[in-house]
């Protein structure tokens, strides 16, 4: 999954136009070869994670209120298709079924949908048993934070009887 425009500019989804403009200017300076001190490969290409085109597209979309509203709706829909739903309590719901399971380590892992860090969310079977909370819709849930960013998830699961 590619980074959102908010992540490209390094801002929160409720950022004001002033914050968007500041972030845009800062990101352009960060990618400018004479200003940034970033590394360039032998072809003269910037090796940073965002191109000027990405930064400009993010800015142009987020600074226009109509485009931003449409973008936010599309972003929310894309997260829903991935099984990522807002629970209304500020936490996003994910099913444990979407996590990768390692039988050797008896653990579940998933890349963070926000910062894209590999295995940003990790849960062991012991942690699930120890911290499980009854979920009003049936089954259980645990709260878990990404190891690299501030995103918290509510992970839903059922217990399989052996």
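In case you wondered, yes, glycine gets a Cβ from its N, Cα and C as well.
As given in Swiss-Prot:
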type: BINDING; residues: 112, 115, 146, 149; note: Zn(2+) binding site
type: DOMAIN; residues: 4-75; note: domain 'J'
type: DOMAIN; residues: 90-158; note: domain 'DPH-type MB'
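Counting residues per DSSP class in helix, strand and coil order gives 10 helix, 29 strand, 30 coil for the domain 'DPH-type MB' (90-158). In sequence order, 113, 114, 116, 117, 120, 147, 148, 150, 151 are the residues of the same chain, not among 112, 115, 146, 149, whose CB sits within 8 A of the CB centroid for the Zn(2+) site. Around residue 115 (Zn(2+) binding site), the C-beta neighbours below 8 angstroms that are at least 6 residues distant in the chain are 7, 146, 148, 149, 151. Computed over the domain 'J' (4-75), the whole-number mean pLDDT of the model equals 81.
Fewest other C-beta atoms within 10 angstroms, among the binding-site residues 112, 149, are seen around 149.
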